[in-house]
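Before anything else, here's the structure in question.
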Amino acid sequence: MKNKHRLFIKMAELVADQSTCCRLQVGAVLVKDNRVISIGFNGTPTGQLHCEDNFRDIYEAEYKDQFATYEDFTASRTFYDLHGKWSIENELHAEQNAIAFAAKNGIATQGATVYVTWSPCVHCAKVIVSAGIKKVFYKNMYDRSQEGIVFLMKNGIECRQLTEEDIAPAK
């Protein structure tokens, strides 16, 4: 394989494009023996109201007079606070979705590697450890907290932020 890091992180970025979260789109690709075994993106469970639909409705009903545009609303501290609470109650993270799909379909994750567009939060880190995943490669460091990476490393999981050199096209 020419450059597996490039292949799998680019796949994770494409998976992230499917996210319906209006704050941050995250993609995860679970890999075992250089083969994709599952993918996931952040969003609500199947059949529930999507983040982007929920907050568009909230903007139209309650905040249209305070913010000139929907984009201004989603860039505000008001949105940030509302979204934080709503996300905890309603959204699954990309890693959780990928691992849950594997579990639901009888796909073993023991010894697998996960490629994610953003470093895992501590909640996802606990699920990653419990799923037997051994390596985590991520493109961007999540700015709110690095507790997830600390937890993973403390539990013997290899973690590495991919550099531009890691994901450059093969020459």
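Glycine too: its Cβ is placed from the backbone N, Cα and C atoms.
When I checked TrEMBL for this same protein, it listed these features:
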DOMAIN    3-152  domain 'CMP/dCMP-type deaminase'
BINDING   HIS93, CYS121, CYS124  Zn(2+) binding site
ACT_SITE  GLU95  active site, proton donor
Determine the minimum-neighbour residue: among CYS121, CYS124, listed as binding-site residues, which Cβ has the fewest other Cβ atoms within 10 angstroms?
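Least crowded of the binding-site residues CYS121, CYS124, by Cβ count within 10 Å, is CYS121.
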On the 0 to 100 scale, where does the mean pLDDT of the domain 'CMP/dCMP-type deaminase' (3-152) fall?
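The answer is 96, the mean pLDDT of the model over that range.
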Can you list the residues of the same chain, besides HIS93, CYS121, CYS124, whose Cβ falls within 8 Å of the Zn(2+) site's Cβ centroid?
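Not counting the recorded site residues, we get ALA94, GLU95, GLN96, PRO120, VAL122, HIS123, ALA125, VAL127, GLY148.
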Name, in the order they occur in the sequence, the residues of the same chain whose CB lies under 8 A from the CB of GLU95 (active site, proton donor) and which sit 6 or more residues away.
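Result: ALA28, GLY40, VAL114, VAL116, PRO120, CYS124, VAL127, ILE128.
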If you draw a 10 Å sphere around the Cβ of HIS93 (Zn(2+) binding site), how many other Cβ atoms fall inside it, taking every protein chain shown into account?
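Neighbour count, Cβ to Cβ under the 10 Å cut-off: 24.
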Which secondary structure state does DSSP assign to HIS93 (Zn(2+) binding site), in the simple three-class scheme?
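In the DSSP reduction, HIS93 (Zn(2+) binding site) maps to coil.
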Can you count helix, strand and coil residues in the domain 'CMP/dCMP-type deaminase' (3-152) using DSSP?
71 helix, 27 strand, 52 coil
